[in-house]
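Worksheet: one structure, shown below.
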Amino acid sequence: MATKLTPFLMRTAVRAATRLSTKPSTIAPVSRACLSISARRPSDTLMVHRNTPDNNPDIPFKFSADNEKVIEEIIKRYPPQYKKAAVMPLLDLGQRQHGFCSISVMNEVARLLEMPPMRVYEVASFYTMYNRTPVGKFHVQACTTTPCQLGGCGSDVIVKAIKEHLGIKQGETTPDGLFTFIEVECLGACANAPMVQINDDYFEDLTPETIKQVLSALKESVTDVSKAPQPGPQSGRQTCENAAGLTSLTSEPYGPEVTRSDL
């Protein structure tokens, strides 16, 4: 049956195509889908290393004497045959000493842990906390995930305030080398949204005014450490307590409970 139908279907299709080709087209042109492409994340922009004057294998790197002692303690935590498991803390240590996780830092970590350099590169290129390009003294990372977009004044307003105050766009560093700004995904402080991580500190419950105050204070702290801003909520609340204040566990705590009264 299928064999008999095939010639018929082919003839029908050819005739239909011929008619369409001889008549003016009445079919509306198909519009191309408009794709929305977000800005490239700095963590995605360097999946392959490219030598630069400030980041190439010819630049020597060695851990300081103090960090060598720290490395000895770190490696002791792992069995000798599995010391390569220390790759992440050693990369972090190298980044803190050098300012960023350069190719020379990765090669030195590979040498110390006796593992192929490519394995170290894989780790450093996978985790976004390793900065494989130079960053400023203050690495400003604004969370733009849903809770921060919806919480408080919203992360869009915070991002705009940062860009205006620093005069840079995402992924850029200020001319004085003090600030690098990027947008990141959730940093786990959703109850205190919107928030920003700067180096190792969280600044939460932000408004355009408070984030500008934080950035100004950080700049002043370069010459006067006492000017450094206090991390945490900038709204005055304690950690992540309810905005309405304490609503539970308001009474004095009971004493330790025991199973037997004679204990």
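Placement of Cβ uses the backbone N, Cα and C atoms for every residue, glycine included.
Since this is a predicted model, take the numbers as computed values, not measurements.
Taken straight from Swiss-Prot:
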BINDING   Cys143, Cys148, Cys186, Cys190  [2Fe-2S] cluster binding site
COMPBIAS  233-251  compositional bias 'Polar residues'
REGION    224-263  region 'Disordered'
TRANSIT   1-42  transit peptide
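Same-chain residues that are not part of Cys143, Cys148, Cys186, Cys190 yet have a Cβ within 8 Å of the Cβ center of the [2Fe-2S] cluster site turn out to be Thr144, Thr145, Thr146, Pro147, Gly151, Ser155, Glu185, Leu187, Gly188, Ala189, Ala193, Pro194, Met195. Taking Cβ-Cβ distances under 8 Å and a sequence gap of 6 or more within the same chain, the neighbours of Cys190 ([2Fe-2S] cluster binding site) are Pro147, Cys148, Gly151. The DSSP secondary structure for Cys148 ([2Fe-2S] cluster binding site) is helix.
Take the binding-site residues Cys143, Cys148, Cys186: by the count of other Cβ atoms within 10 Å of each Cβ, the lowest one is Cys186. Using DSSP to sort the residues of the compositional bias 'Polar residues' (233-251) gives these counts of helix, strand and coil: 0 helix, 1 strand, 18 coil.
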